[in-house]
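Annotation source TrEMBL lists transmembrane segment at 81-101, 113-131, 138-155, 167-188, 200-218, 246-264, 276-296, 337-357, 369-387, 407-425, 432-455, 467-489. TrEMBL lists 517-640 with the feature domain 'STAS'.
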Amino acid sequence: MGNADNYGYPSMMNNNNGENTGIHRVEIPPPQPFFKSLKNTVKETLFPDDPLKQFKNQKPLRKFILGVQYFFPIFEWGSRYNFGFFKADLIAGITIASLAIPQGISYAKLGNLPPILGLYSSFIPPLVYALMGSSRDLAVGTVAVGSLLMASMLGAEVNPAENPTLYLHLAFTATFFTGLFELALGFFRLGFIVDFLSHATIVGFMGGAATVVILQQLKGILGLEHFTHATDVVSVLRSVFSQTHAWRWESAVLGFCFLFYLMLAKFLSQKRPKLFWVSAMAPLTSVILGTILVYITHAEKHGVAVIGELKKGINPPSIMDLSFGSKYMTTAIKTGIVTGVIALAEGIAVGRSFAMFKNYHIDGNKEMIAFGMMNIVGSCTSCYLTTGPFSRSAVNFNAGCKTAVSNIVMALAVMVTLLLLTPLFHFTPLVVLSSIIIAAMLGLIDYNAAIHLWHVDKFDFLVCMSAYIGVVFGNIEIGLVMAVGLSLLRVLLSVARPRTLVLGNIPNSMIYRNVEQYPNTNNVPGVLILDIGAPIFFTNSSYLRERISRWIDDEEDKLKSSGETTLQYVILDMGAVGNIDTSGISMFEEVKKNLDRRDLKLVLANPGAEVMKKLNKSKFIETLGQEWMFLTVGEAVEACNFMLHSCKPISSEDGSQKWSNNV
């Protein structure tokens, strides 16, 4: 900090309480080799959790065991598994299987895929996740939003009704690329990319997708045979009301009765958490009752559509069905990446939520590897997109699961269904599946979260509603792009237009705070204190130069009108400036030249290590003078006050301004 010998003010000064306050020098950090600095930057970016720490100072065999446990957590907690855990996982697994079976069939139909794929996707992927996943509560399976997204993106290129085989192969291929994308993100530890989907984006996107899914189920509820492939609300409603002559009252009555039953079961479970099983069993109960009713009344002959024959047996291999040479390869890759991002965002968010309740940690990058592997393996075994859906995971959590073994139990229950029970679903009415989907989707329209966003942050509310409106009135891709675009715009604005604040002194203290937040602060005569609220880069250096100049103009105008002491010093609080680039350094040089022309002195307070390193290398510290750099705003103000009251400016031979001691 300040150089007392050259400027005549003492190295120890009294603060407002009469205590001695030391003035300390702002140090320049020792130089670091480039590659060491690069290594530290990469480590902090990709390895913030230091996953390799556990391998340090370990023997080779121990390192191998730790490596196996890292990629296959089941070998880490499996040694502590006991019969008490198994009883809890058995109950939870059977409970979520009762939900997974009807939901799997329903969501496969939603994705314009054969219903049996929903059961296949609830068998193999949960087994893979149980080996590789780090969450104890996540229940793996298909999701409605992912199914709709796949149907929307693939259906835009290939009509599933006209070319079902090609569509099916593209679904497998898209699932493979979903897994490859997720695996790459986890392996290269790029999970922070998913963080660009903000909470507001997810709330709006999920709500919009749920609305679209609900509207599309009107096809099943009303028993319509022909329906639009578009997902926007206008097209769907036009398709519904242009076919009023084709509405089937039998189907509508059946659908609304089962929907009422499902919502009643959900209401009871919410009111009495111990009755969670009522809501969990309701979908399977609906399927059983609906199947019996259709079989007895022969309702399929009176306009009530049924599932039809489901192939018996476990997953057939589909690795030869991956269409890597298809002309629709680009569509499959794009679909895989987009659905992968959505699947990761939902799965990791759900896993972290339940981990927080049970006070344990899940590794986001490890989860991505697990999701990636289960989708890659799934694409080769007749499965499509899977992740950790909230509804199924919530049932798993409420059922008291202890470990991922509940997924194994669910998978085995689905296997038994595939081997023995699939013929029983022949007469299951599609209207029941539509009711199950609607009941599940109503829970995704979180209007309370939207209201909360409105009260807390209007811009987040705008992002949320943009996602919702984009999905509902455009399509899923448009809604996603709008929401992510607005979120990125907010990030760019915060970088390109950082906050600059005027600071004042809290009475009877050495603390300086925003004058708008603390109206009782005192101005320091002759000194303007500005706080810069972000790192300084090329994106905001021009703005900051203009903004600082405007603050100075405003302060000088205010002082002139009030007849107070003229402005002499401009102190920049650099506490929030974590980094600076060459454009930022050039901005400081321009600001200093501008202040010199106006007979003002630039003072820097609280510059960080990275900033000091670059200012030193650019020779700006020599230009400014290290005596004008202080550890705190308080020290900077004390030094400026001392100079104002004890020194007077004199002109040297070269015309530059120097200071002499008056005392």
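Note: Cβ is positioned from N, Cα and C throughout, glycine not excepted.
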Recorded stretch, among 113-131, 167-188, 200-218, 276-296, 432-455, maximising Cβ pairs under 8 Å relative to the transmembrane segment (81-101): 276-296
CB contact flag for the transmembrane segment (200-218) and the transmembrane segment (113-131), at least three pairs under 8 A: no
Per Cβ pairs under 8 Å, the stretch of 113-131, 167-188, 432-455, 467-489 packing most closely against the transmembrane segment (246-264): 432-455
Rounded mean pLDDT for the residues that make up the domain 'STAS' (517-640): 91
Most Cβ pairs under 8 Å with the transmembrane segment (369-387), selected from 138-155, 337-357, 432-455, 467-489: 138-155
Whether the transmembrane segment (467-489) meets the transmembrane segment (113-131): three or more C-beta pairs under 8 angstroms: no
Contacting positions for the transmembrane segment (167-188) when only residues 6+ beyond its ends and CB under 8 Å are counted: 46, 111-114, 117, 150, 153-155, 157-160, 194, 318, 321-324, 326, 328-329, 331-333, 335-337, 339-341, 343-344, 365-380, 382-385
